[in-house]
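Participant: This is the structure I have questions about; it appears just below.
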């Protein structure tokens, strides 16, 4: 099919491409986020991006561009597509009243002990049909896509039995099938002890390890396993049972760890070569060193830190010193981070945690890709990488971090296709 040079938004969005032919994206400023380039953000001027078969073929100087179909981007900024590597996008119900309780001084731990917290969402999710959950999740996903997200992770964890965890994972599967976005589904059955197992968390972990995890893995419904290792979640010993079961099946693991206390969760995740340790406000020097040795990514979740009005921030300086990759994610969920905005998370990571805007950008591109095990194919503009990118009506990447309430997104491109 013929592809001409397009310069207007309407024409560009109406265009289709034949994947087998090369497409040259030109008249563009590239923020590659490739650390091999010395310039901040891997910025390149006067270069073109060559795409073929849904992947980046090469980045070359404008003067060296080969012949081929081209798309003129009018001097716009082009970055890798954003990656939200930690979300709880599928759930039923609302916890707005719980938030009001916290504003009146009731702790998250107390609310959880009184049947609120995660279990309040479990009840609402169990009562919701698959169609209802899908409709709600589509609305939330749309808000992320409008900010240039092309890949995201979504966890289960509000079903907490075989039927309802399967229901959540099927909703995630349907989202991936009906939207131009890559979704990494995570099994988080070890999120909380459900009401029917109250007082018997070990019995529930038996169910997770013996039934939920192997059955849902056999059905091909997820690609990694998460667990909430915390005083209001599961002990390190219980968490290790989940990780050991996953490891025996060859499934990568990750963990909600050191959010409210220090239990050694980061060291546990690292011992299993985990993809990521998430939250980590109470991360110790020993945990940082363990993560550095294992290549485990630190996923910073400033939305939850802000929403819970926490005061202890992750040890960012120590993570830098040990060269632990730092990802940034929304942690979108109904109880502790109801923010479907990766731009806001980037801004908060800078203001609350002390990241630079460039570190925040790395956190939602190449480091987020690593947290999902996709560092060889996603998160950078580089030869061989998947052609997922975002095109912005912006002069510089810092604009998206500086002003999170306004998205200057012009177009998303997923696997070389304009969407």
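Including glycine, each Cβ sits where the backbone N, Cα and C put it.
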Participant: Among 32, 330, 336, indicate the single residue that TrEMBL lists for the 4-imidazolone-5-propanoate site containing 95, 158, 191, 259.
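Facilitator: Between 32, 330, 336, TrEMBL records just one in the 4-imidazolone-5-propanoate site with 95, 158, 191, 259, namely 336.
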Participant: Which of 161, 331, 388 does TrEMBL put in the same Zn(2+) site as 86, 88, 256?
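Facilitator: Record source TrEMBL; matching candidate: 331.
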Participant: Which binding-site residues (95, 158, 191, 335, 336) fall within 10 Å of residue 256 (Zn(2+) binding site) by Cα distance?
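Facilitator: The binding-site residues passing the 10 Å Cα test are 191.
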Participant: Quick one: pull the CA-CA distance for residue 86 (Zn(2+) binding site) versus residue 95 (4-imidazolone-5-propanoate binding site), whole Å only.
Facilitator: 19
Participant: May I ask which of the binding-site residues 88, 331, 333, 335 is closest to residue 95 (4-imidazolone-5-propanoate binding site) if we compare their C-alpha atoms?
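Facilitator: Closest candidate to residue 95 (4-imidazolone-5-propanoate binding site), judged by Cα separation, is 335.
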Participant: Take the C-alpha atoms of residue 331 (Zn(2+) binding site) and residue 259 (4-imidazolone-5-propanoate binding site) and report the distance between them in angstrom, rounded.
Facilitator: 12
Participant: For residue 256 (Zn(2+) binding site), list the number of other Cβ atoms lying within 10 Å of its Cβ atom.
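Facilitator: I get 31 for this one.
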Participant: Cα distance, residue 158 (4-imidazolone-5-propanoate binding site) to residue 88 (Zn(2+) binding site), nearest Å?
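Facilitator: A Cα-Cα distance of 9 Å.
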Participant: List, in sequence order, the residues of the same chain other than 86, 88, 256, 331 whose Cβ lies within 8 Å of the centroid of the Cβ atoms of the recorded Zn(2+) site.
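Facilitator: Sorted by sequence, the hits are 87, 155, 278, 279, 301, 304, 329, 332, 333, 337.
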